[in-house]
Amino acid sequence: MCSLPVPREPLRRVAVTGGTHGNEMSGVYLARHWLHAPAELQRASFSAVPVLANPAATSGCRRYVDHDLNRTFTSSFLNSRPTPDDPYEVTRARELNQLLGPKASGQAFDFVLDLHNTTANMGTCLIAKSSHEVFAMHLCRHLQLQYPELSCQVFLYQRSGEESYNLDSVAKNGLGLELGPQPQGVLRADIFSRMRTLVATVLDFIELFNQGTAFPAFEMEAYRPVGVVDFPRTEAGHLAGTVHPQLQDRDFQPLQPGAPIFQMFSGEDLLYEGESTVYPVFINEAAYYEKGVAFVQTEKFTFTVPAMPALTPAPSPAS
């Protein structure tokens, strides 16, 4: 496996971003809180910077104003010539790229943690680009070991040859927290508290790394996308059925060929006609209706994450 280089210096420039989607309220309110009371984000070797990523969408309690911000951090958006007619989120992505990046540069932030909620029953989902992200994989493993009761699942979103497009990709290292189920525009105390605890543990892990802790190699299980499935539709494009009760809320559970996936309004069931077992995620996600996605199909796979050696202390200045 070809892995990205492991950081060889302490991670000093760290950001926690909330409100990338303006109606995912755990991150919105945590970011707002930390902007006024940032002490919770301080550690001995660094202080994380809180960022409210999409202020306009947040003020309107909308996912986005003109364009999904978390799909906007590609070179085509970031490097194109600005115009007065640019969508709000394209302009905001460029601003965030200047603040936290520039993407793929030596000046970029060392780590960005991006906070999200989902209406799907994803539980505690850890989202990274790929298995090659060694620091992120060790962080995911640390969270799994710290909170076995949460069954933290790892979702690796980037397909082969695809450019990374989400907010945390502007940093040298990044991770997304995706917690649910929580309705859009609603703040649940349990989800809020869980996210707050996870953020603290992420920062604690970075502090461990900065202080010279070594992390051994390990085997990791994760999920990667292999396709998407739309709802059944009429000729006019309206829904003709919805997610079957036997599939609803079964994110990360195996879906076997022949199992029901949709219940038609006419009464019959539609069955999964694939040839192999898949693991659906983001099942019946509210934000994906407009994208024509009833659920994302993933495959489960196992891979080896190489060891992350301890940082070598910087030499003391000559006296």
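Numbers here mean position along the shown chain, with the first residue as 1.
The backbone N, Cα and C atoms fix where each Cβ goes, glycine too.
Per Swiss-Prot, the features are as follows:
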- HIS21, GLU24, HIS116: Zn(2+) binding site (BINDING)
- ARG63, ASN70, ARG71, GLU178, TYR288: substrate binding site (BINDING)
- 1-210: region 'Hydrolytic domain' (REGION)
- 211-318: region 'Shielding domain' (REGION)
Mapped DSSP class for GLU24 (Zn(2+) binding site), helix or strand or coil: coil
Binding-site residues listed as HIS21, ARG63, least Cβ neighbours within 10 Å: ARG63
Neighbour count (Cβ, 10 Å) for GLU24 (Zn(2+) binding site): 29
Residue, out of the binding-site residues ARG71, HIS116, whose Cβ gathers the largest set of other Cβ atoms within 10 Å: HIS116
Near-site residues: Zn(2+), ref HIS21, GLU24, HIS116, CB cutoff 8 A to centroid: GLY19, THR20, ASN23, GLY27, ARG63, ASN70, LEU115, ASN117, THR118, GLU178
Using Cα positions only, nearest of the binding-site residues to GLU24 (Zn(2+) binding site) (ASN70, GLU178, TYR288): GLU178
Rounded to the nearest Å - Cα separation of ARG71 (substrate binding site) and HIS21 (Zn(2+) binding site): 11
